[in-house]
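Per TrEMBL, the features are as follows:
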- B:Cys17, B:Cys21, B:Cys24: [4Fe-4S] cluster binding site (BINDING)
- B:3-219: domain 'Radical SAM core' (DOMAIN)
Amino acid sequence: MITEASIPRLARGVRLREDAARGRTVVLAPERLFVPDETALAVLALLDGARGAGAVIDMLAAQYDAPRTEIAADVLTMLEELADKGVIVT
Amino acid sequence: MSIDPPLGLLAELTHRCPLRCPYCSNPVELARLAQELDTETWLRVFREAADLGVLQLHLSGGEPTLRRDLPALVRGAAEAGLYTNLITAGVTLDAARVEALAEAGLDHVQLSVQDAEAASADRIGGQAGGHAKKLAAAAAIRAAGLPLTLNAVVHRQNLDRLPALIDLALALGAQRMEVAHVQYYGWALANRDALLPTRAQLDAATAVVDAARAGLKGRLVIDYVVPDYHAERPKACMGGWGRAVMAVSPAGRALPCHAAESLPGFDFPNVRDHGLSAIWEGSEAFNRFRGTAWMTGPCRGCPRAEQDWGGCRCQAFALTGDAAATDPACALSPRHHLLAEAVAEAALAGSGFTYREPGRPPSPRS
């Protein structure tokens, strides 16, 4: 269960990488590849292993000038899905 | 027609292996040590692959850790920006070897097991004590901090122990598990009667996987697909011929699929003589079954043609004698009945194996 107090980071073996040949950013994981959408990419780019989910939500709410409660719901759902896929750990 | 670059490179570094699994996916004509590409050539191939657009490198075999230059190959691949995945049987790995590979930049290890019980696993792999070595290798892989996928190759003689295999994956600290049904070409085709699971076994296994996926969400990701012999539609083999993956054999032959050397009438280009880009885009071998223009029979005009790409060419050839035929795994194939007949025949057969042996290809099935 991911909460605002969680500190999510990319799991070992997962890498966020530029895919120059196709002009996009991809998530490389064990024998899998995800193409994150713009929102997921914005979240993943903020995971540095120190920053908590709450701080990520603060930054995105400011960046998109959107209500914090909406951003919080979206981000926590997305982090939960990424954790289920093994892309991030806490 | 513009040709999308491959996402993956499957580098079969060697065909040498201490195990003798009767379903080995290597060709029945195994390459010898003297034919293997040298370090410099592999490193050049990795750089060319990255330039072409490859993101993931699968270092496979045979047993890739028998290559003494493996740490150097991993380092070179990581420097080229490739995500490196080691596909190993684990029986030749110790802690020092694993640590050297982790330090060289290895991203992930896929470790195969033959069964959950040592006696059966050692019989299937054809090496006494092999299973215990794999367990030690798994511990070394986790101790080095590397993520681990357990690859459980399943068939009639071990499928009933799938719950124990899932428990083994958890006990070894794997985050991911592949429940890989044997694919029946090459060595496995010669052993098909001893390996094909029954429908009842398959249904039980599917229920086990469904329950485990729900119960282990967030702890273990399980990859599982219904095997061809019990399917109604074929798989997009390798994601389609010349679409997603290039394989390179130990002797340097570039292949659209690691089993493609079993197909007659091909002149597969060698990476010693040609660059990867020219091979991928321009070679006759990679273009022959690319796209849908080559299709005949039920595939041509089928709404699924660009989903399954006609299925597996090697299976089509092995079962019908025509590499351009619709994969008989498809219920629309006029030869689909062959699969049900094989399942019925196997249910009456014994459990003896023809083990993989260099220089001793099995006699072809009629």
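Placed from the backbone N, Cα and C atoms, the Cβ positions cover glycine too.
When averaged over the domain 'Radical SAM core' (B:3-219), pLDDT in the model lands at 96.
There are 25 other CB atoms within 10 A of the CB of B:Cys17 ([4Fe-4S] cluster binding site), with all protein chains counted.
Of all the Cβ atoms in the protein chains shown, 24 others lie within 10 Å of the Cβ of B:Cys21 ([4Fe-4S] cluster binding site). Cβ environment of B:Cys24 ([4Fe-4S] cluster binding site): B:Cys17, B:Gly186, B:Trp187, B:Ala188, B:Arg356 lie under 8 Å away, each six or more residues apart in the same chain.
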